[in-house]
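Quick look at what TrEMBL lists:
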TRANSMEM  A:6-29  transmembrane segment
TRANSMEM  A:36-56  transmembrane segment
TRANSMEM  A:62-85  transmembrane segment
TRANSMEM  A:97-115  transmembrane segment
TRANSMEM  A:142-162  transmembrane segment
TRANSMEM  A:194-217  transmembrane segment
TRANSMEM  A:223-249  transmembrane segment
TRANSMEM  A:256-279  transmembrane segment
Amino acid sequence: MDLAIFLVQLLNGLQYGLLLFLIASGLTLVFGVMGILNLAHGSMYMVGAYLAWYFFQGTESFLFSAVISAVIALMLGVLIERTLICRMYKRNHLDQVLLTIGMIFVFNALQSLLWGNDPLGVDVPDALSGSLHLTGVVEYPVYRIFVALFCVAIAAALYFVINRTRLGMLIRAGESNREMVECLGVDISRLYTIVFGAGVMLATIAGVVAAPMASIVPGMGEHVLISCFVVVVIGGMGSIKGALVGALLVGVVDTFASVVVPDVASMIVYILMAVILLIKPQGLFSN
Amino acid sequence: MLSKAVPYPEIHQPKACIQRIECCSNWLLVQFKTPFNGETNDLTQSRIMNNNKSILRRLATVVAITSIGISSLVQSAVQEPVKVGIMMPFSGVYAALGDAGRNGLKLALEEHAAFLHGRTIEYIELDTEARPERAPEQASSLLSQQKADFVIGPVHSGVAMGMLKVLSNQKPIMIIPNAGANAATGPLCAPNVFRTSFSAWQPSYPMGDVALKSGYKKVVTMSWNYGMGQESLDAFRESFTKGGGQVVKEILVPFPKTEFQSYITDIAAMKPDAVFVFFAGGGAVKFVKDYDAMGLKGKIPLLGSGFLTEGTLAAQGAAAEGIVTGLHYADSLDNPANIAFRQLYQQQFGKEADIYGVQGYDAGLLIAQALNATNGNTADQGALIKAMESAVIDSPRGKFHFSRSHNPIQNIYLRTVENGVNKVTGLAAEALEDPARGCKL
């Protein structure tokens with residue numbers, strides 16, 4: 001592997017990792033603050049991709065469909081939290097898992113009813129449809145670079161919100177001691193609604209930006225969910241910083257493993273997870 | 001006096017067995033009741049004269065009607081609906097394929113209802129979710145509880161293996177409307193197992209020669225690491241290396257991973273003459289788009305087993321232009337059966353037919369032909385199998401019949417994607433028969 005190809009592969013890995021981070025960040029945020037294990041998180045990613053496709057059909061404007069999908073996602077998140085998730089706070093993880101697995105089935109059935117089962121695709125927006133020539137016959141699509149930068153921007157925004165704003169302070173406080181937060185007169189249930197809505201929106205936005213480079217198919221959410229859990233477990237359940245590091249690690253390791261040691265590539269990520277858990281049983285950045 | 005008001009069991013019209021029994025029992029009830037209800041009338045007219053006679057007459061009629069009733073029951077036993085079990089994925093990644101296969105099957109059986117000799121069809125539909133581990137259990141229920149006459153399925157080769165374990169050499173006739181695992185009509189072939197689709201070997205084997213004729217010497221092959229993918233790549237390699245070509249690298253991606261970028265970068269670094277792949281459905285969409293996005297399209301020609309561009313062209317868009325594939329069907333085939341089929345399918349289901357619809361449709365045609373040949377009798381499995389072995393299916397893909405291992409002997413069409421359509425540019429192979437290695441039929 002010469003240097004140019006090595007760098008392209010590194011770029012592949014980082015870009016994949018950043019997208020994983022975008023999906024996983026919502027999962028880890030919701031778990032960290034609310035203690036809710038949301039298995040339907042992957043379904044939100046799927047919903048995002050399908051919404052992007054649906055609105056793109058009508059409007060031909062990717063930006064518009066992205067914005068409206070995000071708004072719908074936020075409302076969906078709030079609705080789910082207010083009607084279903086809010087009943088789960090005092091119950092154990094098994095009950096949460098049962099509820100959210102049920103939600104996976106509901107979302108899959110809705111997807112099948114509303115949009116059918118054929119694979120769908122969204123065109124890359126015109127402004128981002130070019131590609132950069134890198135080396136040999138390799139070109140790199142501008143859109144993928146855009147997605148990588150977008151994910152970095154989201155990571156930065158999350159960092160800012162959590163560390164520099166009042167909402168972030170409450171989130172951090174909620175993570176470490178929720179009774180105390182309540183005692184201080186904070187309406188914890190409103191905080192939870194906001195956090196869950198944000199978590200759903202992050203997954204949905206990931207689905208939207210992935211839509212032009214993914215194939216939009218039934219079951220796409222479940223595939224991504226497993227990778228997300230690996231990321232979150234490596235990074236430490238509930239840690240956004242951990243999710244970023246875990247995602248980049250998984251992205252880069254998976255990319256190189258698939259080329260260098262293709263026969264065992266599918267195992268490498270899980271071996272990585274196992275090794276990290278042996279050394280740090282709570283993950284890299286657990287609280 | 002007696003039989004006027006009485007509903008008479010209609011023997012010639014096929015009706016459900018239970019309805020018949022009800023019909024007969026109602027009639028008998030009426031017969032036994034009338035002596036008391038009708039007595040007064042009788043007596044007012046001719047009290048003594050008719051009394052004995054009428055009782056005798058009634059008894060005779062009751063006996064006669066009862067025997068007719070019994071014979072009609074026997075008739076109904078023959079006229080029970082044909083039980084067709086469907087084991088296909090109606091949810092999950094392969095749901096679209098399952099839907100299309102089921103549509104095609106029902107379309108054929110409705111269209112050819114006249115050949116079924118009065119038998120109606122009862123469908124028992126099971127969603128396999130394309131999960132092999134559930135297949136044996138579902139197949140057993142069709143075998144033992146439902147006592148299906150035919151089992152149609154599956155889409156996924158792994159599920160096919162599970163079904164064969166249970167259904168080989170059993171009563172139901174199994175018709176595979178998609179799953180291409182070579183073994184199903186190879187080492188695992190069985191008298192009661194037919195396939196109306198293809199063996200993995202069939203669409204890919206001719207592509208080796210196609211690659212050689214195009215002047216490609218060094219080719220990279222790529223697929224998911226599962227049976228169908230592996231067998232497709234092997235078939236390509238078989239003919240390609242026989243003709244002097246070299247497979248410089250075989251890339252097997254863990255199923256169902258669709259992160260292809262690193263592999264495509266790897267291919268770009270190797271700069272082969274061409275790339276041959278097997279992917280289907282969502283993975284095919286993703287691969288073709290990534291191949292284009294990474295700049296390989298138009299620089300390194302892409303060949304494939306035809307599933308790469310089946311039912312996926314709309315989602316692939318311009319990225320698919322120029323891809324050359326081989327398959328036993330193309331939407332644009334210009335033969336009367338195909339044109340009629342596509343029109344009917346469009347009318348019925350409001351969408352374009354695809355290969356999976358064709359394969360399901362042909363499974364339906366096969367059932368209709370077999371039932372026609374046996375006058376609707378499903379009890380004699382030997383006769384059914386014989387009829388199916390000699391059947392010529394007038395398929396939308398062109399007429400075909402079955403090999404000794406019960407796999408279609410069929411043309412493989414060479415297609416190129418042009419303006420979003422698989423345009424047929426010739427035959428990659430004519431009347432190609434799967435070698436059926438390991439089949440002892």
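The first residue you see is number 1, and the count goes up from there.
Using N, Cα and C of the backbone, Cβ positions are placed for all residues, glycine too.
Automatic, uncurated: that is what TrEMBL annotation is.
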Restricting to the same chain and to residues at least six past its boundaries, which positions have a Cβ under 8 Å from a Cβ of the transmembrane segment (A:97-115)?
37-43, 46-47, 50, 53-54, 80, 84-85, 88, 218-219, 221-222
Does the structure show the transmembrane segment (A:6-29) and the transmembrane segment (A:62-85) touching, where I'm treating 3 or more Cβ pairs under 8 angstroms (sequence separation 6 or more) as a contact?
no
The transmembrane segment (A:194-217) in contact with the transmembrane segment (A:62-85), cutoff 8 A, at least 3 CB pairs, sep 6+:
yes
Sequence-remote contacts (6 or more beyond its ends) of the transmembrane segment (A:142-162), Cβ cut-off under 8 Å?
14-15, 18-19, 21-22, 25, 29, 124-125, 128-132, 168, 171-172, 202, 205, 209-210, 212-213, 240, 244
In the same chain, which residue numbers or ranges, 6 or more beyond the ends of the transmembrane segment (A:62-85), come under 8 angstroms Cβ to Cβ?
34, 36, 38, 44, 47-48, 51-52, 54-56, 99, 103, 122, 125, 192-193, 196-201, 203-205, 207-209, 212
State the non-local partners of the transmembrane segment (A:36-56) in its own chain: residues 6+ outside its ends, Cβ under 8 Å from one of its Cβ atoms.
23, 26-27, 30, 62, 64-66, 68-69, 72-73, 76-77, 85, 88-89, 93, 96-97, 100-101, 103-104, 107-108, 111, 114-115, 120-123, 196, 199-200, 203-208, 210-211, 214, 216, 219-225, 228
